Amino acid sequence: MTSTDFDLIVLGWGKAGKTVAMKMAASGKQVALVEASPEMYGGTCINIGCVPTKSLVVAAERFQAAHPDLAKVTYEEANLGFLTAQSQRNQLTAKMNSANYGMADSKGVHIFNGTAKLTGPHEVSVNTGAEPVTLRADNILINTGATPVVPCIAGDWQLNRGRVVDSTQVQQLPGLPRSLVIIGGGPIGLEFASIFSSFGTKVSVLDAADKPFSRFDEDVAAVATEVLKGKGISFINSAKVAAVNEDADQVKVSYDLPEKEGNVLVSDYVLMAVGRRPMTDGLGLAEVGVELTERGAVKVDEYLRTSVPGIYAAGDVNGGPQFTYISYDDHRIVLDQLLGEGKKSTRGRVVPATIFLDPPLATVGLSEQSAREHHRVKVVRKDIAQIAAMPRPKILGNPAGLMKFLIDEETDLILGATLYCIDAQELINTVALAIKHQITATQLADMIFTHPSSTEGFNEVLG
Ligand SMILES: Cc1cc2nc3c(=O)[nH]c(=O)nc-3n(C[C@H](O)[C@H](O)[C@H](O)COP(=O)(O)OP(=O)(O)OC[C@H]3O[C@@H](n4cnc5c(N)ncnc54)[C@H](O)[C@@H]3O)c2cc1C
Ligand SMILES: NC(=O)c1ccc[n+]([C@@H]2O[C@H](COP(=O)([O-])OP(=O)(O)OC[C@H]3O[C@@H](n4cnc5c(N)ncnc54)[C@H](O)[C@@H]3O)[C@@H](O)[C@H]2O)c1
């Protein structure tokens, strides 16, 4: 058995881990980065998450734009469009995967292929498939991400055996499904619903919640639901999935509704998208005293320190919001602990979010209901099609959606916003900046913005 000493060992090639590893190595420290699979060099985001799915989103939107009447598109044509999108996606991720390896390697990070397990507070064993390797370090960063939740649903089915797939496998289907049932209408379910429906797949989204977009303000949820229904997506809510049964040709989902039990949907494939749980399996955490939260995440304080001194946890595994940019922000905190003043923390975060639909749906800050609990709230809201000072969505041919701001009547500060429009994934960051730095609604309205841009919408909606 070989044994090597390092300044830091990173478990898992996530966004936080790779960034800390490269910066530490660049500053002359000895860093080991352990990744379970070469297919995951660079982590979830670039290999199976954000980047590949957004590549599919863009390809799907372009396909739909080129074929406004999907009813006139043959299956063969749509299938070719889907397979071309898949191949572009695969080329992009292969390039990014290898670029990530190159970047870490060239910075002097020691990369280990294998599954990592803590064997002591300063010791990690790597199962490489051959002889295990032991690594030792003063500091350890757990960055093992999350894994799909496999719900306890009766029937003859198994995830990724055949026709019931997760968010990774659905990106590699052998052809465009004619029909797809998606169990779970969160960001993953909704983004794939939008992608597949743009190629003409008949999509049904089944969710336990009582309405689609249940985490959004009701008025916003209603508009977004109508837009997606217009793409041919059906929503089945308050659904309790009783059983899933797959065979070689199809999959049957049996579900109950409050008003009617014993309903059945038959489709080519089922996408299970009921959430992702922190990936702590087999890490040996309990043995070395690293505590978990009730929800199975690695328990950390605001400095991302676990219950064992010298061991940190960053990204999805620590139970924070599951976004790449949160993992990126986590890296700042851990790096500050390791090389800085140890002052950075998770306090005061303003976290925008976007679901990449067509148009994208972005939010930041409080919902209307929570805002009203503590503030006198002025709501300003405008449909995108009615915003005269914002011609860009019209130029791009998609003036769907709305802008909604919740403003504190006394201070004029922005409490929350929902932007459901072209470019919302960019616009929301400007609103987040305003919230974080207490720029008032009037100050934002009075800014000079380029033309024709989407940001101009703020001049009119807030003005
Ligand atoms: C389909 C999909 C779409 C998404 N879209 C977006 C989006 O648009 N925007 C956004 O911000 N977020 C998105 N997310 C979420 C985002 O991808 C994650 O929040 C982010 O990638 C988490 O990064 P991380 O640093 O926690 O670790 P990850 O990037 O998940 O990396 C963890 C790594 O650890 C490895 N690993 C696990 N266990 C071990 C072990 N024992 N030993 C060694 N290695 C191990 C894994 O193989 C993996 O490579 C999406 C997620 C999915 C699934
Ligand atoms: N654009 C983005 O930023 C983006 C995109 C994709 C994923 N993500 C991240 O990935 C994480 C996981 O996404 P997700 O959509 O899988 O999870 P989620 O937890 O956000 O949503 C899961 C959905 O499944 C439903 N559900 C749960 N159990 C069910 C059951 N048994 N039957 C029917 N419905 C059920 C829930 O009501 C919920 O609507 C998200 O938290 C998000 O942070 C982000």
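Glycine too: its Cβ is placed from the backbone N, Cα and C atoms.
Annotated in TrEMBL:
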ACT_SITE  His451  active site, proton acceptor
BINDING   Lys54, Asp316  FAD binding site
BINDING   Gly184, Gly185, Gly186, Pro187, Ile188, Gly189, Leu190, Glu191, Gly275  NAD(+) binding site
DISULFID  Cys45-Cys50  disulfide bond
DOMAIN    6-326  domain 'FAD/NAD(P)-binding'
DOMAIN    351-460  domain 'Pyridine nucleotide-disulphide oxidoreductase dimerisation'
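Sequence features annotated in TrEMBL and their locations in the structure.
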| residue | record | contacts (Cβ under 8 Å, 6+ apart) |
| --- | --- | --- |
| Cys45 | disulfide bond | Lys15, Val51, Thr324, Ser327 |
| Cys50 | disulfide bond | Thr44, Thr324 |
| Lys54 | FAD binding site | Phe356 |
| Gly184 | NAD(+) binding site | Val205, Leu206, Asp207, Leu271, Met272, Ala273, Val274, Gly275 |
| Gly186 | NAD(+) binding site | Ala273, Val274, Gly275 |
| Ile188 | NAD(+) binding site | Ser167, Ala273, Arg276 |
| Leu190 | NAD(+) binding site | Val205, Phe213, Leu228, Ile355, Leu357 |
| Asp316 | FAD binding site | Gly14, Thr44, Gly145, Ala146, Arg276, Pro278, Met279, Gln322, Ser327 |
| His451 | active site, proton acceptor | none |
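The NAD(+) site is defined by Gly184, Gly185, Gly186, Pro187, Ile188, Gly189, Leu190, Glu191, Gly275, and by the 8 Å test on Cβ atoms against their centroid, the other residues of the chain that qualify are Ile182, Phe192, Ala273. By the rule that a residue counts when its Cβ sits under 6 Å from some atom of ligand 2, the recorded positions Cys45, Lys54, Leu190, Asp316, His451 yield nothing. Regional average pLDDT for the domain 'Pyridine nucleotide-disulphide oxidoreductase dimerisation' (351-460) in the model is 98. Overall, the recorded NAD(+)-binding residues Gly184, Gly185, Gly186, Pro187, Ile188, Gly189, Leu190, Glu191, Gly275 cover a maximum inter-Cα distance of 14 Å. Filtering Gly186, Ile188, Asp316 by Cβ distance to ligand 1 (under 6 A) retains the following binding-site residues: Ile188, Asp316. Counting Cβ atoms from all protein chains shown, Gly275 (NAD(+) binding site) has 14 others lying within 10 Å of its own Cβ. A helical conformation is recorded for Leu190 (NAD(+) binding site) in the three-state DSSP classification.
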